[in-house]
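Undergrad: So that we are looking at the same thing, I have put the structure below in structure tokens.
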């Protein structure tokens, strides 16, 4: 943060005039933001974790090959046949880094790693869907105004009035009945379904923000200037407004990802996620609740969710500070 | 005893990028009933100075040194609480952009009453009466009705009048007006300036007007202080500054001053370049990167910091150019240009 | 299993010893029994102590018996319920014609007359059954109970569009007139051809075909008398009129039931009930883990569900000797199994079905249901051992999966490289999910690839696994299933899940895979066989045919680890329900 | 003002109508499009071993054979004028507002919802008190001491708070405080405040804190940001220049303005929570509206699903309306038109 920290400090520090005169020239907004971001150690820490998580998700099969066992493989030999809990309490060893699940002895390490794939995949694409719908709707509503704006704004209000979680639960149940009539099935179908439901219901949040930004951009001088020079609607839209929406879209997309990670976990926790035996963090937690006396079972997936969401939040906060220092929320 | 005296005031702000030297060794005096205009670009330290006098940097991160003497009291070393009791009563401030400077949720009357009651132990009723009087005095029509309006319900000029009413509500002896007319259109500007002149006369207050607009100080000021990069670069009477300015920066300001008597089509003479960084202040004379005459200082402009020296009869200038050179340039190069245009 | 028997013997001996040394009876008990215990000093805790004998017998009256259940059951209306716990419990407020002898083990499987003076008298070759009601039995409002109240109760329980939950045995077997729809829709139709009430104490049932085991029907909750004047269909559950020793004080659906003594119950008319506690408090919807904790801590007496502790408590219960001594581990008349559905190729081929059974990891399946104690013993047949006619079958290995045999079977069915099929399970049942996961792992080794499909329990049979066209359309070759006996004989266990003629296209089927005319014929023979031993043997034969044809892959004969709350007297695991008998529990 | 309110109320009703139509379509039209028959709808309302005839009769009686529009019309009519349901043994009257009648619980949905509402209201309001107090206080202190150890610690915890799924914190706290230490209620029980306030609080305290932790974290962040922004406003400088004591500057001038947007967000959050804190109620086995919704979905009890969706939507829409009106009261710049 280079913005003034002292409420009584002079505005001059934040204003461009306060910056070294030489440094400001020739740098794009992106470069300035990158400079700010690089200096924000916490945000960079979040970014590093995010990158690591993505790598873990991509290379889960390799990592599991080195350090674990196939995620769905049973290890009954690790289980006490009377209590169904891992022998020795957790089963944590060099062989099973995070121990094993009760009942069937599956490798928690492998399952947490594979869980990252589902979690991130769904969170990313659901966010993408929300951002695409939200941006298009927001820009259309904000740019064209009038009845188009009214219609889209009302639709957004209606969406926000739905009990999101309950509705997603029910919708997934209903849509699953279509299963046989669709080309894709199994996990792929469920993943698409979850992406659709999560992404589709979240777009109004982005939509509202983008609409507001578009409205204010439309009134700004440089758009007026362009218009007075005879620029036409599409030109203004694509050359003047959309580029200025990149920053808010990027910020809110980054902050929507952790929300979606939590949302996917909640759906899996409530039993409508990806079907067994595919490992998901929410699904693991839901299983682990029944074995709360074997706490390592809930600890690892719980921590995985926590670290992922925290990392994205930290990075998102930093990104916002960097791209939009005025909104220091 | 001088009513207000600043001695070598320095106000520095630490930041991630380094120390921001917003005010760097400023001294001046001001007597009751007199008006001082402080002029400079944004970032020159004029607003920081005014807030510093009011003690509004206390308790923050600002590093303040030097002395501020107000009516025999030193304020830099005084406790924050003591300075607070002086604020509003002994010294008051009129801010630019009254729309943002007044709280949007409270009525204008309530905000004036609040200022009054903080310093006077009176009932709400009395305070309200006083508020209406003040509004009346600053020329707001139907003050008994407008007292219950919110700032956003006022026009720009009315808001500035209300702001002035609020500042004057406790009969301050020192009044600081920070860009009091910047946000207003030209005709209203004139009205407000008239109002301030009248009020100052009535209250016999010392007035500091802070502005980047020489036109404003021309109307009101007895003395004028020109600031650049946290330092005073020229000080003198209004006549000194307007008739015999000696600093190239002041020339630039005069050149960029819009005048009602000028044709619209004529171009102003802006100062080249942008204001300096307050962290890495240019070496030597802070103005040298923008100074057209820097090459006539024999290289001193980049190496030595010029002193603020008396040119003649209290007229102070901070410049490496010799007085003769300065006068010659003004008379031969600048003045004819300004008048011709 | 020698170990367990030994434990049971020890337990029985201990209880017997206590019975002999204990002196004095309960205060105010009507009769002294051999199990009289002063109640102040509880018996020493012994694991499986209530399995074969009454644990801590006592006649001491008074106190509040605290029960809880994590999920509510369907209804307390005797004509509208199909949960074992409910059938067990409702006898404290309702008296069927006949009921199971309250007592431990096999004794609990004996039928004894309750509202009736004696067991039923068959005539007309088993097509007509007559019962005489005891004299002087009253409803809680003091009205005398007549045979008409019993007849009304039975008839109303047959309206399956109103009282949807109960069994349909009476619907299927009584000789009803064609124009009779329901007591509500067609109240004026004469139903005497099905049930006659020649006088207030006599009730005569006429069946549409002979049936030797009608006393089991007479023991169904449907015969608990209901006064017609108080019946308002499904709402009757809110104010059930008691005929037993307790009546409802408060009915808060989903929250709590409280029962207090019914002053109009006369112990003289009731030789089987002790009616010890003054009060029953039954909490509903209690967090299952909390329920276990409270049971272990002694704040609760009984988990009404009787299905044992949750996985979380299991390790604690089994590893702490003091708590383990308070457990009973009965085998239930319930089998958890997987239906192998022949409608879906290539499972129409018997060798492909066998390959599934060979490849299955039977220990894994046992573990899926909770292991040897909480899950049960590995099952080798559909019919559980407590059902008459059960014989040990040894058709398939019960180890961790025989890939060689499975591959041979696959070769025989023409799929040497295996095949793909789908497996349905109830998604909200963790044990069935674990079963499906285990099978998926084990079958993969033989080349059979399973895709798992979870469906909600509520619609599992109605819309998914129990609906033939859905099953075919979605190629569901395997489906988890489970069945508990309505009562402990071959008919009570097998008729609903092995008779292909019960399968309806509209769905709601429990028999998902057994479709064989030979088996149907055997069932018909068993229906009309009045000799118990011969009948049992026929059901045993049905069981064998089911296994020979590889229609099901049995997982376990269900067992449960139940914790006895502290301070309970007269605790016995009834052989009829395989949970604590709720009729005569007392509080010390 | 009055016309504005009337217009908004009409708008809200229209919004609810849209929500109801969409919900109805999803649960009644979509399955039909997928090939479900009227009997399939009825099948879930019958017990074990029902005959085809039974199912058919029930489908008739429950009206699943009627066109969807007729079914929807009947549902709407029930809300306005009440409805009567044939329970087989007689007719059950379901007075207006009748949001349907569950043939599984044999209750008008409205009664069931009213029954569950006290739990959810208790949960939401108790948690709200905690999170507003804790969140706002933390946020204000953090903002005033920006960069201090307190600020860093508080914001660190707040970020952790918004990053933890409530079902995870809930279970962990249950295991530690209820099962382990035994100092809090283990969930599953609810005592109305009118019966025994102490027991009410004892039963709710853990769910309150769990839920409040999540929200308090968010509110602390929001308040801090709002406070920082507000304290940098010109009018704060003006207030100081007037010589107001710092305390007055912070509370009367700073907080008032900083809290205004928080009021908006609070209204919406609270409205949404009243429609059921699904995850918290599930985790703590609280029989509130949220758990009711989950159970309704698991049982596929259509009238209940419709009812609970409408209730939640109602709370959201009502909260929106109230917040907008409240905003006009708090911020005089807002004009209702």
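A Cβ is built for glycine as well, from the same backbone N, Cα and C atoms used for every other residue.
TrEMBL entries are annotated by machine, without manual review.
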Undergrad: Looking at D:9-30, D:31-52, I want to know which stretch TrEMBL calls transmembrane segment.
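TA: Per TrEMBL, the stretch marked transmembrane segment is D:9-30.
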Undergrad: Give the range, chosen from D:227-252, D:305-330, that TrEMBL lists as transmembrane segment.
TA: D:305-330
Undergrad: Can you say which of D:96-118, D:257-279 is given as transmembrane segment in TrEMBL?
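TA: Matching range for transmembrane segment: D:257-279.
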Undergrad: For the transmembrane segment (D:257-279), find every same-chain residue at least 6 residues outside the stretch whose CB is under 8 Å from a CB in it, and list them.
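TA: That would be 120-121, 123-124, 127-128, 132, 136, 140, 143, 165-167, 170, 211, 215, 219, 222-223, 226-227, 229-231, 233, 235, 288-294, 308, 311-316, 318-320, 322-323, 326-327, 330-331.
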Undergrad: Could you pull out which residues elsewhere in the chain have a CB under 8 Å from any CB of the transmembrane segment (D:200-222), counting only those six or more residues past its ends?
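TA: Beyond its ends, the transmembrane segment (D:200-222) has Cβ neighbours at 122-124, 126-128, 130-132, 134-136, 138-139, 142, 154-155, 157-162, 164, 166, 169-170, 173-174, 177-178, 184-185, 187, 189-193, 261-262, 265-266, 269, 273, 277, 280-281, 283-284, 286.
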Undergrad: Is the transmembrane segment (D:9-30) in contact with the transmembrane segment (D:305-330), using at least 3 Cβ pairs under 8 Å (sequence separation of 6 or more) as the test?
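TA: Yes, the transmembrane segment (D:305-330) and the transmembrane segment (D:9-30) are in contact.
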Undergrad: Counting only residues 6 or more past its boundaries, what in the same chain has a CB within less than 8 Å of a CB in the transmembrane segment (D:123-144)?
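TA: Distal contacts: 150-151, 154-155, 158, 201, 204, 207-209, 211-228, 231, 250, 255, 258-259, 262, 266, 270, 273-274, 277, 280-281, 286, 288.
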